[in-house]
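If you check TrEMBL, you get these features:
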{"type": "BINDING", "residues": "616", "note": "ATP binding site"}
{"type": "DOMAIN", "residues": "36-170", "note": "domain 'Methionyl/Leucyl tRNA synthetase'"}
{"type": "DOMAIN", "residues": "220-405", "note": "domain 'Leucyl-tRNA synthetase editing'"}
{"type": "DOMAIN", "residues": "419-574", "note": "domain 'Aminoacyl-tRNA synthetase class Ia'"}
{"type": "DOMAIN", "residues": "611-652", "note": "domain 'Aminoacyl-tRNA synthetase class Ia'"}
{"type": "DOMAIN", "residues": "697-820", "note": "domain 'Methionyl/Valyl/Leucyl/Isoleucyl-tRNA synthetase anticodon-binding'"}
{"type": "REGION", "residues": "594-615", "note": "region 'Disordered'"}
{"type": "MOTIF", "residues": "41-51", "note": "motif ''HIGH' region'"}
{"type": "MOTIF", "residues": "613-617", "note": "motif ''KMSKS' region'"}
Ligand code: ANZ
Ligand code: ZN
């Protein structure tokens, strides 16, 4: 018997789908739409297993929803700007555009080989001017709306890549790509005003019910709303005071110092004529701005030589410049209360400052409670605090705020951790920021009629820094306002800019006038199901939520949220292999031998390490293209989908893939064995009555339809496949040439083909055709379970002939009289007794007896 010949079958079906234009999406207001989207890939040149998993999951949803009758949009494109193209240009001397386009062409073919139900006519590539021109227009609209602005800002500077890094690109104080210690620098940057929407971005999370809780929590923490107070302190001998932000105004009587950020205006002013302080500030600046870095660093301060005046006691307290105070949070200044904040306590011990507890846990008193080396951050009653004594913490906060407000020394307020989004990058391979700098007119927006501002096609990467800046001609233009010589902005957008609106572009990808029409976006958006990695839980997803609001406010859209449903898939993992001298080996270089492994080249033993996320650095990668060449796309998809729940990590194993391959062949052979005979030929209708085994299979088939439908709705794809496998086993168990057996088997296999179609689309098309299907499965509606056959509840009914027991049969509880009658008359013993004659009478006692009177 032949094996499933995926090499000829899979491409043939892809051609059929192509010829049918089966996945082209068209707006149709009469039909309910369903927009399913997977995060688009970066065109590195080769797909990896993470892509296969992501796109296989999305494809199941897309095909399932289409079969359920939805008008499905399932597009694909390329997140095509970014650093790797520039690195490749430097290393291999290929222009970034060529490198990127070649990679896209290669990856498109690899993805197509997976048989995804994608509307390729909507493909977009963010590095092409026909894409990025629209975001330049959006940026100009944001400028007009006050949602984009320019200011000097401290940035993380990677001294090797010569670029600004986002805080998340700084890992342990080092650049994520170069590993070089990150420095702080001040640059004039463009910002998008995401903080304008901070509160809305936070509260709307509650309504994103089809998002994972963990992602919503991460966004909540990222936005980081804190309630507290701003308090203004006088500084002895100075005109100007200092404002601090605190979440613990109740601890004001425990204050022992005031600390300024090294970048606080007063710190800078003092540093101007204090070289020691200037050196301290410079040292702090070299440290990087990420919170993580600051959190880890030893807490250090520099006595500023000033004294802050306590707002209630009038006490004079020392002012420090301290490395742990961020200029970009709150007001850039804090009051320190060592007894109730660990950081302040460490600081106080180091600089020998007083530690006065002002909150005592329930049961303790001012005389017996003290703080040694651990700050007390729990609840309790206020002590040592004059008018606050005896109050609980919450009431204490309120009371202090009321007092401050009455005295005009401060007020209650909330602060967000969320910062405005700095979008300027000093790179070539990004979307040019459409602005021209003129000595007399300042930063002038490029007139809309001059868009797009295209990248020059002849960048040079022979020296560090931004090729746009060194380009001989590109930046030299006339000022659009005064006509004098001026210079283009040479920064490009952060590549998160492109991915913040691509889902809208897919709605109307060939529109040349605007990024997308209101009508198209109105029909397709929001995305009903978005699928991708949890690594994007914060930035990409938050920026997209912000962009949607900003576009709404600029009149592009009328929705708030881009993605109503979000699913974050787990990672694809593999064991790791190492030679005894510590060199990583690819799985393809190793043979597993029970518990251990040996190296193929020389048979030497290999150390097997635990399973970890597939990564090139550990070489524990399996190339999807190899797998597809060996087993076909359907087997790869099936294994990916069946092995573990989609939100969990998946362990890629050779034996797992082989298991999937065996299953594919088992059902293939089972159908082929019979396809030219009884199963394929006539599509006989269901026999009126089925014998018990055939009926049991029919029931199981309906139950499987029901179960799988529910599983697919809930992303329980592995469970769905397990059910289908059980059904396949049951079909294989029902051998025999009886008419009703054949019918039940065919019904079973047809159902297997239809239910498995979203997972293994090529194989199931071919099975369907052999089972006598005349039209491809791709346009078919999803099977519907007969609710009557799902009822578990059965009763055993006695079948009598003239009052004598002749048989017992199982019937659904409360079966209709006619059903019970038919079942009784179909019994062998009854048929014999009747001998071809009609009974005189049939008496049915529901759920108990059928008496056939002859
Ligand atoms: C006094 C105080 C007493 C504080 C106490 C805490 C405990 P979250 O929750 O993150 O908002 N803070 C304020 N601005 C800061 C800045 N720019 N850099 C570093 N730290 C800053 O934390 C707010 C608390 O962090 C504030 O409350 C302030 O210290 C500190 F027993 O003020 B607290
Ligand atoms: Zn000008």
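In case you wondered, yes, glycine gets a Cβ from its N, Cα and C as well.
Pairs of Cβ atoms less than 8 Å apart link the domain 'Aminoacyl-tRNA synthetase class Ia' (611-652) most often to 419-574, out of 220-405, 419-574, 697-820. Looking at the domain 'Aminoacyl-tRNA synthetase class Ia' (611-652) alone, the prediction's average pLDDT is 93. Around the Cβ of residue 616 (ATP binding site), a 10 Å sphere holds 10 further Cβ atoms from the protein chains shown.
Mapped onto DSSP classes, the motif ''KMSKS' region' (613-617) shows 2 helix, 1 strand, 2 coil.
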